[in-house]
Amino acid sequence: MTKRERIVKSVLAHVPKDAINQFVSRGSTPFSVLIMAAIVGTLAGFVGTYFELAVHFVSETRTEWLRSEIGSVLPLWLAAVLISALLAFIGYFLVHRFAPEAAGSGIPEIEGAMDNIRPVRWWRVLPVKFFGGMGALGSGMVLGREGPTVQMGGAVGRMVTDIFRVKDDDTRHSLLASGAAGGLAAAFNAPLAGIMFVVEEMRPQFRYSLISIRAVIISAIMANIVFRAINGQDAVITMPQYQSPALQTLWLFLLLGALFGVFGVIFNKLITVAQDSFVAIHKNDRKRYLITGSILGGVFGLLLLYVPQLTGGGIALIPDVTTGNYSISILVLLFIGRVVTTLLCFGSGAPGGIFAPMLALGTLFGYAFGASADVLLPTLDIEPGVFAIAGMGALFAATVRAPITGILLVIEMTNNYYLILPLIITCLGAVIVAQLLGGQPIYSQLLHRTLKNDKLRQQDLPENQAS
């Protein structure tokens, strides 16, 4: 043995065999927490980005099949119904069979986990949410990928703490929140919104400390870097770059916010009604649940052919609306139609979120409001597109009750940084009116409903997790 080998052996003899594990698992070490937060953010970025690509692949493949092989064998409408029904069936089956907590957006589950009242079975949630979401969103249903990405990001955070055997409760909590922030940052290419979503919307559950906030920031940054490395650095929504509106028009944004505040409260209540209605239909019976979901998927396959504006998450619809190709009456009809389709899809328990559908609704009503104001007040030089962007943030703020997140989210998604003042006015107006009307934030409402109506599952899951 050489002298160098003896020195190396002597050094290694004093190093614990699981040195890395011990270093990272010491929850009291701030540096180790930040390292794990970077790992969580990176993994959440990959999961969120490839989830988006997977959904896009399924949608494109479905379209190609309709144009070629299947479309030439069966009538086009029948082929569209069958393909979308099959995709929806896959999503509903995976959820009901393997991970019921993966139904819906999943954000209430993460909030419940941060309060230690819901488990995180990441080994089930990650594959079910990923592949189930591919099926449900790929079928053309009005669902967003943002909620699922937040839940999968949180699941990644819990996975990392389990892999490194982290015992410290505060560290586990911080990394769970970090994963949620990373998931949203990757879903919207919006790191600031991802950070603020955890700090603002999850404020009842989030344990504020310097290390936890730093962990959330690092995770969001890493997730966004991964997203941009794969998808590029362009904004998620390509829209015109608007200038700040005239000061004499700002009162219109306050009025728009008030209208969204009223609608946000009504919309949240309608979501609960829709969920309860679907439960009354299928009564948690798997066959009824799958049949209902498949029929719903087939209907949206048909709508994809004839009224595509009423299908999908709505991100692609937003820039189309701001081109000015739709009349005010058509915008109102599309708004009403998408309210109905959003309630049907999200209320059914499909593995999909409601972020993107809400942004589309805000755009439709906001643009219709701006176009109407332009007709009624021609001397004010009103740009309807500015009201469309303000509407995106206002409906989010009214329903989620997170105005700062809504402002940052819209700005980052559209790159319209000059519109921060009208966004602030509209979002704050929406939140104030919603609070005055006594409405609950949507995710708190959904979590409360889950805890109330699903107590048996809540008691069983920790046993399954422990096993």
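Every residue number used here counts from 1 along the chain in the order it is shown.
Just so you know, glycine gets a Cβ as well, placed from its N, Cα and C.
Both Pro30 and Lys283 carry the same topological domain label in Swiss-Prot, so the record keeps them on one side of the membrane. For the chloride site, Swiss-Prot records Ser105, Ile354, Phe355, and the single candidate of Tyr289, Tyr418, Tyr443 listed with them is Tyr443.
Between the stretches 11-18, 19-26, 107-114, 243-250, Swiss-Prot puts its intramembrane segment entry on 107-114. Within the listed segments 104-108, 149-153, 309-313, Swiss-Prot records motif 'Selectivity filter part_1' for the stretch 104-108.
Using the rule of three or more Cβ pairs under 8 Å, pairs at least 6 apart in sequence, the transmembrane segment (251-279) is not in contact with the transmembrane segment (146-164). Within the chain carrying the topological domain 'Periplasmic' (375-384), a Cβ under 8 angstroms from the stretch's Cβ atoms is held by residues 242, 245-246, 248-249, 252, 322, 324, 328, 367, 369, all 6 or more beyond its ends. Within the chain carrying the transmembrane segment (213-230), a Cβ under 8 angstroms from the stretch's Cβ atoms is held by residues 30, 33-34, 36-38, 40-42, 44-46, 48-50, 53, 153, 157, 174-175, 177-179, 181-186, 189-192, 194-195, 198-199, all 6 or more beyond its ends. Between the transmembrane segment (286-307) and the stretches 31-67, 328-347, 353-374, the greatest number of Cβ pairs separated by less than 8 Å involves 328-347.
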